[in-house]
Amino acid sequence: MKKISLLGATGSIGWQTYDILKEQREAFQLVAFSSGKNMEKTREMIDNLKPELVSVQLEEDALLLAKEYPTIHFTFGAQGLVEVATHPASTVLVNAVLGSVGLESTLAAIRMGKTIAIANKETLVTAGHLVMAEAKKYNATILPVDSEHSAIFQSMNGENPKDIERLIITASGGSFRDKTRDQLKHVTVADALNHPNWSMGAKITIDSATMMNKGLEVIEAHVLFDMPYEKIDVLLHRESIIHSLVEYHDTSVIAQLGTPDMRVPIQYALSYPDRIPLHNGQRLNLAQIGQLHFQEMDFERYPALRLAYEAGRTGGTILTAMNAANEAAVAAFLQGKITFLQIDETIERVMQAHQNIAIPDLQTILQVDSETRKIVLDMVK
């Protein structure tokens with residue numbers, strides 16, 4: 001039985017991980033988890049899976065829960081995330097927290113040689129060089145949870161990376177894929193949150209609509225698979241059935257297919273190198289689907305993807321600045337402070353003004369992250 005620590009338990013990926021853990025009790029045991037402010041979901045997880053350690057966002061919630069559950073240890077805040085990540089009993093850490101807050105706790109778990117199932121794009125985007133160097137140093141395994149990177153990982157299994165011609169990451173196009181840039185001037189938050197294929201959290205659904213999500217995934221693929229940017233392509237694929245493809249020198253293309261269900265890559269990262277049956281999984285019926293559609297990526301239609309490639313090729317702290325600007329701009333859009341098209345514009349303005357540091361340490365990354373968010377807050381007032 002594998003013992004699991006979970007960061008970001010009450011978010012979209014975390015809750016789907018919980019769904020797997022409660023159905024696969026013979027395979028996995030949850031020993032520690034972190035949650036935010038959702039006490040209803042936190043209590044449900046405690047009641048169902050009885051972990052040893054729980055971290056919440058606020059101290060008052062931790063004190064309240066400690067009275068209700070005297071046999072469980074409760075902690076809170078940023079230090080609580082590190083405690084969950086480094087729980088001595090767990091061998092696998094699922095990092096499903098949103099944004100760059102998962103960085104320090106992930107590095108702490110890596111230094112203990114744990115297997116990291118990483119669903120937190122921002123950790124790899126802002127500090128990929130640190131994460132992979134530390135993983136190599138401490139012999140920690142990094143497994144992708146994103147459906148696209150899981151697909152690439154599976155399509156590379158048993159192959160020599162030197163034989164790869166290119167990685168092809170598929171993109172649904174998001175909630176506005178049939179709209180022109182001109183039509184996007186007046187879209188609402190509710191419009192943007194209506195994703196055609198996937199059930200995801202608000203931030204990633206907006207990122208999907210701007211295509212920044214795919215940009216982050218391109219950078220993530222570069223980091224995880226040590227692949228140059230000129231060998232990473234993005235292909236529009238409306239149905240989200242082919243999750244990604246790997247093309248080899250001999251023109252062979254290996255792809256991973258399946259119905260759009262995030263539990264599949266989550267469970268694969270947990271059970272790897274084994275596969276176990278998925279509870280209530282929907283089997284793929286290609287005859288029923290009938291047709292799959294593909295289009296070349298339009299970088300003018302999706303400037304956020306162009307910006308992500310630019311930041312990736314430049315490297316250094318511009319990756320942190322781009323990511324922090326995006327997170328802050330998306331939050332401003334969700335709060336009704338800026339329009340949808342101003343998300344891209346805000347990111348570009350931040351990137352143009354940024355003074356890049358080529359090989360940043362952790363402290364520099366965190367400082368740039370914090371400063372960039374303040375800059376965007378001032379811009380959107």
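One-based numbering along the chain as shown.
Glycine residues also receive a Cβ, built from the backbone N, Cα and C atoms like all the rest.
Within Glu68, Glu83, Glu217, the residue that Swiss-Prot lists together with Asp146, Glu148 for binding Mn(2+) is Glu217. Site annotation for NADPH in Swiss-Prot covers Thr10, Gly11, Ser12, Ile13, Gly36, Lys37, Asn38, Asn120, Glu122, and the matching candidate from Gly173, Gly174, Gly201, Gly215 is Gly201. Among His129, His195, the residue that Swiss-Prot places alongside Lys121, Ser147, Glu148, Ser172, Ser208, Asn213, Lys214, Glu217 at the 1-deoxy-D-xylulose 5-phosphate binding site is His195. Around the Cβ of Ser12 (NADPH binding site), 20 further Cβ atoms fall within 10 Å across all displayed protein chains. Annotated pair Thr10 (NADPH binding site) and Asn213 (1-deoxy-D-xylulose 5-phosphate binding site), C-alpha to C-alpha distance, rounded: 21 Å.
Within 10 Å of the Cβ of Asn213 (1-deoxy-D-xylulose 5-phosphate binding site) there are 25 other Cβ atoms, across all protein chains. Looking only at Cα atoms, His195 (1-deoxy-D-xylulose 5-phosphate binding site) sits nearest to Ser12 among the binding-site residues Ser12, Gly36, Asn38, Glu122, Asp146. Counting only same-chain residues at least 6 apart in sequence, those with a Cβ under 8 Å from the Cβ of Gly36 (NADPH binding site) are Gly8, Thr10, Gly11, Val56, Gln57. Taking the Cβ of Glu148 (1-deoxy-D-xylulose 5-phosphate binding site) as reference, residues of its chain lying under 8 Å away and at least six apart in sequence are, in sequence order, Ile169, Thr170, Glu217, Ala221, His243, Ser244.
For the binding-site residues Lys121, His195, the ranking by surrounding Cβ atoms (within 10 Å, all protein chains) places Lys121 first.
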